Amino acid sequence: MFKQSVFIKSAANKSGWIEDNIPEVCFVGRSNVGKSSFINTLANNKKLAKVANTPGKTRLLNFFDINNSSFRLVDAPGYGYAKISNSMKVEFGIMMEDYLTTRENLKLVCMLVDLRHKPTNDDVQMYDFLKANDIPVLMIGTKLDKLKRNEIAKNEKLIKETLEFDQNDVFVKVSNLDKINIKESYDALIRLLEVENG
């Protein structure tokens, strides 16, 4: 769990990015995957990443200082929400591609997928994009508590097959509600970021 976490700023484009050498981990996932809840659980702060009432509402990159500048967490807008305009989807695509391909601070992407469902085309495209650009990925399967015991392995297999998951990447199944594997996901994040733990 994060020892310290504080919101710094939001940015719509490169001009708003923070200029320093602090490593960043970017959290991505489709709308309603449980990204804000996962961030809040890691931070042990229910209000850190505001859980938007309307999926796809936040169209900015939100920057958070973690563990007294040990690293930064960058919360990206949820993707795949049908009710936003095509122009907003294009803006989102440009913003994300710019950040993911040119941001030197970016050391890791934490991609969240819903364990209950087969990955969407948006999920597949995001994972393919990350792999094509050699961006390290930590995959988090959310909503573990919503699955029956006999569904867990089957659903994980379906997700990995659909994404053509790289076995060198780490996959952690979590429940924000029951706090299952939160420490394991944090430990994996710290290990992959190669930063000091606190």
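Each residue, glycine too, has its Cβ placed from N, Cα and C.
As recorded in Swiss-Prot, the features of this protein are as follows:
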BINDING   29-36, 56-60, 75-78, 142-145, 174-176  GTP binding site
BINDING   Ser36, Thr58  Mg(2+) binding site
DOMAIN    21-195  domain 'EngB-type G'
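This view paints the features noted in Swiss-Prot onto the structure.
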residue: Gly29; record: GTP binding site; DSSP class: strand
residue: Lys35; record: GTP binding site; DSSP class: helix
residue: Leu60; record: GTP binding site; DSSP class: coil
residue: Pro77; record: GTP binding site; DSSP class: coil
residue: Lys143; record: GTP binding site; DSSP class: coil
residue: Val174; record: GTP binding site; DSSP class: coil
Rounded inter-Cα distance in Å - Val174 (GTP binding site), Ser36 (Mg(2+) binding site):
13
For the binding-site residues listed here, Asn32, Ser36, which shows the highest count of neighbouring CB atoms within 10 A?
Ser36
Rank the binding-site residues Lys35, Lys143 by how many other Cβ atoms lie within 10 Å of each Cβ and give me the one with the fewest.
Lys143
Residue pair Leu60 (GTP binding site), Ser36 (Mg(2+) binding site) - Cα distance, angstrom, rounded:
14
Between 0 and 100, where does the mean pLDDT of the domain 'EngB-type G' (21-195) sit?
91
Please report the distance from the Cα of Pro77 (GTP binding site) to the Cα of Ser36 (Mg(2+) binding site), rounded to the nearest angstrom.
10
So how many other Cβ atoms are close to Leu60 (GTP binding site), meaning within 10 Å of its Cβ?
16
Starting from the Cβ of Gly29 (GTP binding site), draw a 10 Å sphere and report how many other Cβ atoms land inside it.
25
